[in-house]
Every structure is written in C-alpha cells, then in structure tokens.
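The structure appears below as structure tokens.
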There are 2 protein chains.
Amino acid sequence: MRLLTAQQFNAESQQYIDHNDENIDRAVLEIIRDVRENGDAALLKYTKQFDKVELESLLVSKEEFLEAKAQVSLEFVVAIQKAKKNIQEFHEVQKEHSWFVNGENGILLGQKVTALNSVGIYVPGGKASYPSTVLMNAIPAKIAGVKNIAITTPPQSNGKVSPYVLVAAMEAGVDVVYKVGGAQAIAALAYGTGSVRKVVKIVGPGNAYVARAKKWVFGDVAIDMIAGPSEICVVADDTAIPRFVAADLLSQAEHDERATAICITTSSAFAEQLQEEVEKQMQTSERKEIIEQSITDNGKIVLVGSMDEAFEIVNNLAPEHLQLMIENPLEQMHRIENAGAIFLGNYSPEALGDYIAGPNHTLPTSGTAAFSSPLGVYDFQKKSSIIQYSKEALQDVTEDIITLANAEGLQAHANSIQIRKVDD
Amino acid sequence: MRLLTAQQFNAESQQYIDHNDENIDRAVLEIIRDVRENGDAALLKYTKQFDKVELESLLVSKEEFLEAKAQVSLEFVVAIQKAKKNIQEFHEVQKEHSWFVNGENGILLGQKVTALNSVGIYVPGGKASYPSTVLMNAIPAKIAGVKNIAITTPPQSNGKVSPYVLVAAMEAGVDVVYKVGGAQAIAALAYGTGSVRKVVKIVGPGNAYVARAKKWVFGDVAIDMIAGPSEICVVADDTAIPRFVAADLLSQAEHDERATAICITTSSAFAEQLQEEVEKQMQTSERKEIIEQSITDNGKIVLVGSMDEAFEIVNNLAPEHLQLMIENPLEQMHRIENAGAIFLGNYSPEALGDYIAGPNHTLPTSGTAAFSSPLGVYDFQKKSSIIQYSKEALQDVTEDIITLANAEGLQAHANSIQIRKVDD
C-alpha cells in the first residue's frame, strides 16, 4: 500500500474523469427501446443471452419462496431479523409528516407528505447474493408507506433466485420478485411490461449497465443515485489499532477492483505498522485477487502534518464511508462537511454499518456525499405544497402580484389577480 | 377549448413520449466538452454566437448592481421585499436538524445535517426577466446555510442583465451573477472555468438545451429536476366562478405554447360557461398568440360523472399546479396523492403562488409530482449518518454480522468483525 504526503495525494486527485461511455450507452439505449416495444419477450431474450437461463415465468413463485425458507439456516434468519429490527428503529425516526402554518385573514400554508405509490428495487445477483441490499432498500420504503414494492434481480444459472435474497424479501414484506437483471430490468420497471408493473422510482445498486440505464430513464421515473465504486477513508492517530484499520481497508477493497481504501494519519509510526498489517492480512484473504488489485491501484496511506490537514482532505474527498479512529472522535465530528456515513472509534467498523447497526448502507459514492445523503425514508416520500387564501387576504397582496407579473411581462398572470379584485 | 369525457381524456393521455433528442444531445455534449477544455474562452465564444453579445467580463460588476437599483421602481422593490418575507417565513419551517438516538451499551446513531457548500442558480433571460425565479431558488439555499450562491443568466442584447433580476439577487443576498446562459452556463457551473466557480448543485429552469445539459452533468453535480413544460389542472364544481377559472387557465397558457391547461368538472353548465369565458378572455390577452396555440393544442375541459372520477384523473396526471375550486376544498384534500402544489378555493389562484404566497414556485412538472417535491430548503441540505458502537455493543452483534457477511461471500467483512472479537 502506497504512502503519500498530502501534497502528493492532492496532486493525484485532480484527475479529469469522464463517466460517459458511448459503447455502454448505445447498448443500454437499444435494450431500453427493445423492452419498451417488446415487453416480456425482450426480457426473456436478454435473460437467455446474458444470464444463460431460459425462463418460463419472470416472477418468483409462492413455491420458490417456501423452498427458500427451507434452504437457509436458523442463524441466518435470526441475523436477518436482528438487522431488520435495528434498521426499522433507525428509519422510523426519519419519517416526515405533513405540516401547516396559519396566517392572518384565513391564510393556510403548508406541505402535505405522501408516500410514493410504487418502487422497484434492483438487487445484484448472479454468483453473489445480497440479502442486506434487500433490507436496506425495502424497509425505508415500507416505513414511508409505499404500497407496491417489487424487487428485480438476475436469476442464478439454475433459474432460481438466491434463497438469502428471498428470505430477506419476505422478512421485509416484499412479495413480488422478478427474475430479471441488467439494463432490461431497469427499462421494465420504468415503463412496465406484461409481467413487470411500472413503478415511479427505482433504487438499488448495480453494474455499469444498470447505472447507465438508471441515468437514461431518470426523469420518466425517479432514481436513488448513480452509484460508483465504493470507498472507505479512515482517519487515524496514535490511538488507532493497525490490525483493525487494515482489516477495515481490506473489507472495502474486497468489493471491487475499483474500490478505494484510504487511510489518513498524523503518525508515521502508525503508517508503517499499517503498511505491514495490510500486506500480512492480504495474504490470507479469500478474495485475495480482487483485494490486491484494488489496494495496488487505489489503496493509499496519506501522512499529514495535522488534523486540520486531514479533515481538509476528507472534505474534498467526500468519502462514502469515513471512520474516525482517533482520540475523542465525537469532538472532531463538527469538522466534517462531506461524508456518507461517519463511524466513530475503534469498535465501529464499516461492516457493522453494512449489515446491522441500523443506518442505511446505501450511501453516496465517488465524492457525491458533497451533495447527497444516505438512502432514507425521505427518498420514498414526497411533498405537495398547500396554499389557501381568503378573498381578504388576496386583496392585501393584489397590487404587489400585479407589479411582479408586469415586471416579468406575464399579463395573463396579472389579469388572474385583477379579475378577482373587481369582483364583489 | 375542447370538451372531453373522462374516457376520451384518458385515451389521449396514453401517449408514448420520448424525451431524448439526439441532435440536442450532440450539440450539448460538444458544448460541455468545449467548456471543460477551453473555459472562459468557450463561454465568451458561445455568448457571442447565441446571445449576439461580445463581453469583456462574464461577471456583473458592482457598478452594474448599483445601476440596476436606480432603474427599478419603488413599487417593484416593495413587492420583492414582501415576497421575500413570505418566502423566508415559509421556508424557515422546512429547515432540517441533526438528530441522534442512544442505544444500550454506549450505542450512538443519528444523522448530521450539513448545508451544501456551493450552489448555482440558472435564471432564464434574453428578452424576458424572472426576478421571482431568483427569490424562489436563492432564499431556500440561503436558509439552508449554503455559503457560495451564484446566479447565471444570459445577457440581454446590450450586454447587461435585467435590473429586476439584479435587484432580486441583491435582496436575496446573492452577489455573484454571471452573464452566461444555455448549456455552456451549466457546463461552467458543473466543472468551473477561470471566471465561474464550480458548484456542487445546479438549480433553476431553462430551455431544452439547459435541461439536457443538466441531465448530462447530473452525477458529477446534483441538479434539482429536469423541468418540462408547465401545467395547471383545475377541479371545479358549480361553486366555481367561470371568469376566474378561465383567467387562471390562461395565466398558465401564456408561459409557453407547450403549456397545458386542464379543467375537470362535474357540471356541464359550468363547462359551457367556461368555454365561452376562455374564448372571450383570449381575445384581449397581450400574449394572445402563445395562449391560443397552447389552448388549442393542450387545453381541455373534462366532464366527469363524480368527484371520485375527477380525483382519479388528477392522481394519474400528477399536475404541477392543482386548483380545487369546489365546495369545502380542504375536506377533499385527502384524496390527492400526486400534485406539485394544491391551491384551495376561489381566491387562491396559481399566480398567487408564483409570486408571493411563500411556498416555492419551482414544482415538479409533466407528471413528476408522482415522485418528486417542490424545491425546498431540504434540497440544499444533506445528511451524513453517524454510527458509534462500544466494544461491548459490538460483541453483542458479532456473530450476526459474521453470518450475514458469509451469506454474501464477503469474508474480509467478516474478518473485520472477527479481528475485534479476539482482541482484549
């Protein structure tokens, strides 16, 4: 793992990144067009082509749900239920409520909060399975009051969906699961097909094709975010334990060769120990190839002169996961402007938040924490403003509205006020 | 104005709309590339090409701000200040606050709310000027605590910015105004140039080029929404006053030939009176050509059999502006699932909300109220989740996390927990 100064690190961060890839876009746009025109037939065709499975039905059946229940261990069910409880408790606090204020002369202003009617959750599949993704996306939608929640996930080579995913779906109260992945799944959720019901919002992570498809359907439906590779940033001082930090960096690196693991430290002794620990732990890790690639390409230890310098880097980076493994982390938290989630102290590793602590693990990646938030109940609710004026209240502002409408050259706006003035 | 049954209306609404336009996209992507590579030189070039002005500086000077103050009437300043006060009071209520909950064994969970660091507001210009757009976008950002707020607007043919816009900017506390419009303005805000400071979020309405540019830079920066043409939907019964409803429909129609004005009513007598009133008022309107085109193309009166039918149409339509001009509108409000803003009664016309009532006039258009909200303070704040566990608290969930990580095949995640278990 490379050791850099703050200056070296900043110089490397000034890269020009172009996220657009014309080849992916062309393929994705063709898939979207095809699904809009040919519906289920297109979905079945792409599932055969990409997932190497010929399906008869795109829907997971009741029997398959029951099979899944029989296939998972009791420990798994217990763990899922514990996670569910914590996620529910945390997200309940986020629920928003309608509000109003009264003014003079019968003025009523406010906002009415309503749940989205329907949501589609993309859950990556194929070889791996992500039951935690199911909980983290479905539970906030349920708490918001979304009536129609569907999951879509690519089938395994046997034409089934992972039992872990199906059990998590049942625990989260989702009973519609489609066996379709990729850009075709996003198109189906956005526009509907014979089997797949159109939704108004699509959430959940996916590969580059899924991400681009989400970008293309955005506007016709809402999306959560366009997720990039995952990152961790650990700020460590002398009180941090190198073994722990190394394990945390590796847990991020195992996600993806493009994942980023960065440790910023004020201690050169710690930096050296960390380098050794990372090398050592890498040798015994199961996903060694991915981890080595990721650490070699994107792993960095940044040695800084002060905590001020450390937090300046953090705020420029806007990391998805930020671990403060320093003395009195809570006292330093006010310095953080941009981060998806902040983990405090030596016993709050990222994996705790990924699975069970309660806050959402869907976090803004690739610096987007500078302008976006973790997924939450608020992503599944929307607001309508409310305006009620009485005749008297309107009279009081009549001249002002007419002045402003005239300044904008919008005479019919002015007239809609004027016409109410002369009425008795 | 055409009179339709609910069935006829629904049949017409089933159109397949493709928002993508390859010619616009090609032009927009070229402009973005050019601005990223050539900075201010590209901005000055496009301003000369599209706005027919050769500028020396892209920034509005202090002298120009002072000039603007001298050019506007006292009535205008008074009206702007009244609007500002109402907008501020309404948006103060929306401000979100950090929160936390404590659990057993030293668990601390919560969300830290932070303002975005920088925001760019696009204000359309050229022949028209929109001071109300300035207030509606800048005031919520100010209340959120955004430190750097900039406006960008195309210059008039004399190389100046409308004094109305500059006075509104001063009132809202914005002192950076760039003289640049179109896709080039969006690119400049997203990536920065010599004169234009990069921001993390871009808000505000614009033409098709501005809208597509926002779609393309989305992900690198946040955007508010991709605004389409504006709509009004009035639900009216026998208590509605045809003159008022006609004036309100026309106030929407004058925005744009593509604007939509719809009235849904249970009364055929009212429908006929409304038709007459619309014809009559159209003849005397200043923006007659736009209004006639818009009403002919997109103006519809829908005669329904019941209020149930009316609200079903409303919820499918998800109108930007919804006026309930019926008896006891507040009692019917619970039926509304999708609408940008709801105006209640005969004395709450849309123009009241456009300018002065207080709620934001930036509303979800073209059916997007099914999944999005009016612009608000919440659009300029973001959240970071907070997770702090003690050693004891982590021990309690160690086995569950390991079970879940193993189910997902993420062994390094499991290891980051395991390694803390054996530590004393």
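Just so you know, glycine gets a Cβ as well, placed from its N, Cα and C.
Among the features that TrEMBL reports, active site, proton acceptor is placed at A:Glu320 (among others). Its own atom aside, the Cβ of A:Glu320 (active site, proton acceptor) has 29 Cβ atoms within 10 angstroms in the protein chains shown.
Summarising the annotation, TrEMBL assigns active site, proton acceptor to A:His321 (among others). A 10 Å cutoff on Cβ-Cβ distances gives A:His321 (active site, proton acceptor) a total of 28 other Cβ atoms nearby, all chains included.
If you look up TrEMBL, you'll see A:Tyr122, A:Gln184, A:Asn207 marked as NAD(+) binding site. Under the DSSP three-state reduction, A:Tyr122 (NAD(+) binding site) is assigned to strand.
Residues or ranges marked as substrate binding site in TrEMBL: A:Ser230, A:Gln252, A:His255, A:His321, A:Asp354, A:Glu408, A:His413. Sequence-distant neighbours of A:His413 (substrate binding site) (same chain, 6+ residues apart, CB-CB distance under 8 A): A:Ile401, A:Ala405.
Secondary structure at A:His255 (substrate binding site), taken from DSSP and collapsed to helix, strand or coil, is coil. What TrEMBL lists as Zn(2+) binding site is A:Gln252, A:His255, A:Asp354, A:His413.
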Query: In the same chain, which residues outside the set A:Tyr122, A:Gln184, A:Asn207 have their CB within 8 A of the centroid of the CB atoms that define the NAD(+) site?
result: A:Pro124, A:Thr152, A:Pro154, A:Gly181, A:Gly182, A:Ala183, A:Ala185, A:Ile186, A:Gly206, A:Tyr209, A:Val210, A:Ala213
Statement: Across every protein chain in view, the count of C-beta atoms other than its own within 10 A of the C-beta of A:His255 (substrate binding site) is 22
Query: In whole Å, how far is A:Ser230 (substrate binding site) from A:Tyr122 (NAD(+) binding site) when you measure between their Cα atoms?
result: 17
- prompt: Sequence gap of 6 or more, C-beta under 8 Å: which same-chain residues meet both conditions with respect to A:Gln184 (NAD(+) binding site)?
  reply: A:Ile31, A:Asp34, A:Val35, A:Ala42, A:Leu43, A:Tyr46, A:Thr47
- request: Fewest other Cβ atoms within 10 Å: which of the binding-site residues A:Asn207, A:Ser230, A:Gln252 wins that one? Let me know.
  value: A:Asn207
Message: Less than 8 Å, Cβ to Cβ, versus chain B; work out which of the recorded positions A:Tyr122, A:Gln184, A:Asn207, A:Ser230, A:Glu320, A:Asp354 satisfy that and list them by sequence.
response: A:Asp354
Task: Quick one: of A:Asp354, A:Glu408, which of the binding-site residues has the smallest count of other CB atoms within 10 A?
output: A:Glu408
Neighbouring binding-site residues, C-alpha within 10 angstroms of A:Glu320 (active site, proton acceptor) - of A:Asn207, A:Gln252, A:His255, A:Asp354, A:Glu408: none
Statement: Rounding to whole Å, the Cα atoms of A:Asp354 (substrate binding site) and A:His321 (active site, proton acceptor) are apart by 10
Field: Residues A:Tyr122, A:Gln184, A:Asn207 binding NAD(+) per the record - widest CA separation, whole Å
entry: 12
